[in-house]
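Note sheet for the following structure.
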Amino acid sequence: MTAEGFRSGFACFVGRPNAGKSTLTNAIVGEKIAITSSKPQTTRHVIRGIVTRADAQLVLVDTPGLHRPRTLLGQRLNDLVYETWADVDVIGVCLPSSQHVGPGDEFLLTEIAALPRRPKLLALATKSDLVGPTRLAEHLMRIQALEEKLGIRWEAIIPVSAVTNDQVDVVVNEIVKLLPDGPPLYPMDAVTDESEEVRIAELIREAALEGVRDELPHSIAVVVDEMLPREGRPADKPLLDIFATIVVERDSQKGIIIGHQGERLREVGRDARLQINKLLGTPTHLALKVKVMRDWQRDAKQLNRLGF
Ligand SMILES: Nc1nc2c(ncn2[C@@H]2O[C@H](COP(=O)(O)OP(=O)(O)OP(=O)(O)O)[C@@H](O)[C@H]2O)c(=O)[nH]1
């Protein structure tokens, strides 16, 4: 039963690494679904957050960054980006207020402008809390000037801060306005269609990368091997056992993840478990293994197994 005038569709946020895409997605969906970090390029999976309102359903698709493909993984990620862009109704282009609009941003927009079926474009001046009004105004004017320079059209230009929650609702309203009429695409109570396992794997990956991103930026993946309720627990005190494997490319990386006498891996497990408990709302026990799979990023069979 959907009211007349109900809108539904897909949107994604694009932007240079660190532009604030994941943080904005989280602020909108209100649940930890995407990875955020202070270092670039941690978003790897296509993650959908779903906003359902009385008048609309918005499905947010998170894409990885576009980069120079040096490995099979790089190529697949880029293909995924173009496929995602072709599918969405609205692209929110994140242009951080704290940085100048640069060649990277223009490259991205030129690629979008060349799409056969161009989605509607919203310019989002992200991280607006980091600059004063004068700088923000200048930034907005530079964004405006891109229309003529690149032959694109902004449906709106919106300053937004995901951190202070300023104008996040305006962003959602503007996106919804641009969605086509249509019934909900997912059940009305859905938040995300990403499987729990994938979300858990991402939380572990995030914890494993903490503090060592410079050393291991793209060389780790996480697979959840098994999740089962612990037997013999009282009904009011359940415990979920999660077995997961952290996959690295080299022995030296395995050493980094594990740390001196396993200290670092224990920390990773503790951090990840807290996040997982929050996500699932159930106490969990997390058993982590570290495995070396040489060149997993170049090997198609391994990539398929890891879900890329
Ligand atoms: N002050 C401020 N910081 C922000 C805001 N949004 C994001 N950040 C910070 O900017 C950094 C990058 O944010 P992300 O959301 O991970 O950026 P991203 O575009 O998803 O990055 P990639 O996954 O690398 O492409 C993090 O340290 C965030 O805390 C904001 O509105 N204000």
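Residue numbering: from 1, along the chain as shown.
Glycine residues also receive a Cβ, built from the backbone N, Cα and C atoms like all the rest.
What TrEMBL says about a protein is an automatic prediction, not a curated fact.
The annotation GTP binding site is assigned in TrEMBL to 15-22, 62-66, 126-129. Sequence annotations record features per position, and here TrEMBL assigns domain 'Era-type G' to 7-181. Residues annotated as domain 'KH type-2' in TrEMBL: 212-294. According to TrEMBL, the region 'G1' annotation covers 15-22. Taken from TrEMBL, the feature region 'G2' applies to 41-45. The region 'G3' annotation in TrEMBL covers 62-65. Annotation source TrEMBL lists region 'G4' at 126-129.
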Indicate whether LYS21 (GTP binding site) is helix, strand or coil by DSSP.
-> helix
Count the residues of the region 'G4' (126-129) that DSSP assigns to helix (H, G, I), to strand (E, B) and to coil, and report the three numbers in that order.
-> 2 helix, 0 strand, 2 coil
Could you tally the C-beta atoms, other than its own, that fall within 10 angstroms of the C-beta of GLY15 (GTP binding site)?
-> 21
With an 8 Å cut-off on Cβ-Cβ distance and a minimum sequence separation of at least 6, pull the same-chain contacts of SER128 (GTP binding site), or say none.
-> SER97, LEU136, PRO159, VAL160, SER161, ASP166, GLN167
Around the Cβ of LYS21 (GTP binding site), other Cβ atoms within 10 Å, all chains included, total 27
